[in-house]
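Below: one structure, written as structure tokens.
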Amino acid sequence: MPFITHIKTFAALGSGVIGSGWVARALAHGLDVIAWDPAPGAEQALRQRVANAWPALEKQGLAAGAAQHRLSFVSSIEECVRDADFIQESAPERLDLKLDLHAKISAAAKPDAIIASSTSGLLPSEFYESSSHPERCVVGHPFNPVYLLPLVEIVGGRHTAPEAIEAAKGIYTELGMRPLHVRKEVPGFIADRLLEALWREALHLVNDGVATTGEIDDAIRFGAGLRWSFMGTFLTYTLAGGDAGMRHFMQQFGPALKLPWTYLPAPELTERLIDEVVDGTAAQVGERSIAELERYRDDTLLAVLEAIGTSKAKHGMTFSE
């Protein structure tokens, strides 16, 4: 069965931080959006989050016809998905909830509409088990803020058709994203596994009194993080090998991998460690509100994305290379 690849109506189930980010991105790309969330006050909270994201999206550039009023909020799953060309679920990370939700979504949706889940920790073969037409079901795992960060990890389950993966890649690309196909179902996918390793080491460094939360963030944002934003890890290390490249780098620094630097297992989250992390991040935040920091984050991300795009174009590269 061919799947819908060019969409006009986007369904969003779940309207928290991730779900609202999807809604804002879809609206900014000129789509009609139908949203559903059973939580009390969900519609008002969703519209406020979209309004908060809109200034950054305006700076980035809106598609023709993009408007916040193209968001509809409905009271049932069936109303949300039955006319949708693409469906994105962003419900809480509970297997029982997602099993029930996707059985209802797939029963009411068009049979050729791709169904995606924003899950970061559950595997698609598990929670799409009760879905009808599971061949069109994928994971589409985004990163916060969804309306600005382009990466989306696409993961198929045991029943997912290759054509569904390709359809999802095309749809996300039309939404201005950089789809990354995760070839195997593994917990945490790709990006979160890398982030989790860094998070574990950071917690150990705080726990052992080596550094404060602010010092660890400085080590990233004034060092490796700057290179990571446009080169990633492997290309950075290729350059570290000089003219001889990655082979020389691995021969020279490979033995260091066996040194007992890494802690690997996570530290126990004692009250003392939690207090140190909370107090440290509170000091970093200072008197600024979360809303102020979100605006700072969005403006800075826009500047970084623009700078990367400009520099890549200068060197004959596209943004997604």
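Backbone N, Cα and C define each Cβ position, glycine as well.
Here is what Swiss-Prot says about this protein:
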type	residues	note
BINDING	G14, S15, G16, V17, I18, G19	NAD(+) binding site
REGION	317-321	region 'Important for catalytic activity'
Local backbone state of G16 (NAD(+) binding site), from DSSP in three classes: coil
Lowest local Cβ density among G14, G16, G19, which the record lists as binding-site residues, within 10 Å: G16
Neighbour count (Cβ, 10 Å) for S15 (NAD(+) binding site): 26
Site of maximum Cβ density within 10 Å, from binding-site residues V17, I18: I18
Local confidence of the prediction over the region 'Important for catalytic activity' (317-321), expressed as mean pLDDT: 84
